[in-house]
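Peer 1: Once you've had a glance at the structure underneath, I'll fire off some questions.
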Amino acid sequence: MAAAAEERMAEEGGGGQGDGGSSLASGSTQRQPPPPAPQHPQPGSQALPAPALAPDQLPQNNTLVALPIVAIENILSFMSYDEISQLRLVCKRMDLVCQRMLNQGFLKVERYHNLCQKQVKAQLPRRESERRNHSLARHADILAAVETRLSLLNMTFMKYVDSNLCCFIPGKVIDEIYRVLRYVNSTRAPQRAHEVLQELRDISSMAMEYFDEKIVPILKRKLPGSDVSGRLMGSPPVPGPSAALTTMQLFSKQNPSRQEVTKLQQQVKTNGAGVTVLRREISELRTKVQEQQKQLQDQDQKLLEQTQIIGEQNARLAELERKLREVMESAVGNSSGSGQNEESPRKRKKATEAIDSLRKSKRLRNRK
């Protein structure tokens with residue numbers, strides 16, 4: 001209902017139903033006749049007391065809309081943001097007040113979420129493996145999902161809110177975010193994030209889709225070369241007890257919104273500088289990793305060469321052992337015959353040479 005009304009307001013270029021809403025709020029549907037002219041008492045006669053006005057004959061400016069804006073905001077603060085968004089249909093003055101309250105409500109719920117998230121993070125351990133098993137793990141997951149929703153809503157609405165073309169329209173979304181945050185703060189063992197955030201995801205997605213499809217095309221036609229800087233700047237003040245509160249004063253009360261935007265821009269710049277530093281560190285780490293990989297490849301190549309050398313040495317040792325065995329067998333066989341005593345010194349010399357070569361090869365292998 002509030003979204004359809006916002007679309008109609010955007011097409012007409014103004015909010016509410018005009019200044020005549022204050023007369024409707026008075027409760028009198030018929031025009032009262034003017035009071036009779038006072039009769040001057042005759043000389044010597046006693047003056048009669050003037051009759052009191054009936055409740056339906058009170059001045060029409062004695063209504064809710066005619067109260068000061070601070071009083072109206074104090075009264076509306078007891079209502080939900082969904083009801084406040086629907087009260088924009090009353091009149092232009094009520095539309096101005098409700099717009100300010102909706103914009104401030106979105107900023108307040110962002111600050112409340114930041115406070116809750118800071119409190120939960122302060123109690124969580126620093127290690128990621130310990131966080132998963134912590135009792136506040138689900139609290140952190142829910143708050144992270146709410147942060148994503150707030151970022152999407154901020155990107156969708158706040159561009160046009162800062163341009164004073166509209167306000168934060170879906171008040172029901174603010175109520176739902178407050179409900180989720182209070183549930184997280186008051187529950188020790190909450191449900192899973194997708195169960196808690198199902199309603200918030202549904203209504204926020206519908207609100208953003210409707211805004212992009214129905215209202216953004218109308219607002220975009222007002223963006224280029226438009227002299228209208230928003231209802232809060234261009235609407236004349238409604239006469240009443242708070243007429244001294246001019247439009248510029250109304251706009252000055254929205255300066256916290258621009259301060260928040262400036263703070264966010266500074267935070268974005270700080271985050272950008274941090275990202276640049278992290279990228280530089282990542283590039284340095286990648287260079288170190290490449291150097292380590294190159295050293296590992298060189299070590300693998302050397303290991304392969306050493307393995308080949310050891311294999312060749314083992315083959316030579318096996319061959320020398322085989323020759324030594326043959327020499328020893330032949331020496332033993334020849335020593336048994338008497339006719340071959342002349343060749344025994346030569347055989348012994350060969351055996352001695354074979355043993356020496358075997359010892360040298362073993363020494364070489366030990367050095368490797």
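A Cβ is built for glycine as well, from the same backbone N, Cα and C atoms used for every other residue.
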Peer 1: Of the residues THR187, THR270, THR287, which is given the phosphothreonine tag by Swiss-Prot?
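Peer 2: Checking Swiss-Prot against THR187, THR270, THR287, the phosphothreonine entry points to THR270.
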Peer 1: Out of SER135, SER242, SER330, which residue gets the phosphoserine annotation in Swiss-Prot?
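Peer 2: Residue annotated phosphoserine in Swiss-Prot: SER242.
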Peer 1: Determine how many residues of the domain 'F-box' (61-109) DSSP places in helix, in strand and in coil.
Peer 2: 35 helix, 0 strand, 14 coil
Peer 1: In sequence order, which same-chain residues at least six apart have a C-beta under 8 angstroms from THR270 (phosphothreonine)?
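Peer 2: Counting only residues 6 or more apart in sequence, THR270 (phosphothreonine) has no Cβ neighbour under 8 Å.
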